[in-house]
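If you look up TrEMBL, you'll see 3-50, 85-129 marked as domain 'Heterogeneous nuclear ribonucleoprotein Q acidic'.
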């Protein structure tokens, strides 16, 4: 694989996991026949997500562990879910709500928690990109 075959998002995801998980992901990636893989970045991110959620000692945010361990958190309110998120992610969500493009009632708590599968920086990047889109 050449450097330009992996996008910044895949590299960022790799940086968000523990060293043990990152090495395991890269080992798995290196052992795979990539000749039929269209998007090597997406394939690597898939490996990272699978290995990261299957390992309880990865440094994943507790909010993401709640989703991974219970499948969903339907009983949680959005307010209590938001309170479990890092301040940077809460801020990004509040900016989106303030813009009027999404109302808090439009989001299920489990969706917000699933953002944390991407780590704090990944969740912020996703929300920044979402917030910059004109959805109307």
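From the backbone N, Cα and C atoms, a Cβ is placed for every residue, glycine too.
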Summarise the domain 'Heterogeneous nuclear ribonucleoprotein Q acidic' (85-129) by DSSP state, stating how many residues are helix, strand and coil.
37 helix, 0 strand, 8 coil
Count up the helix, strand and coil residues in the domain 'Heterogeneous nuclear ribonucleoprotein Q acidic' (3-50) according to DSSP, in that order.
36 helix, 0 strand, 12 coil
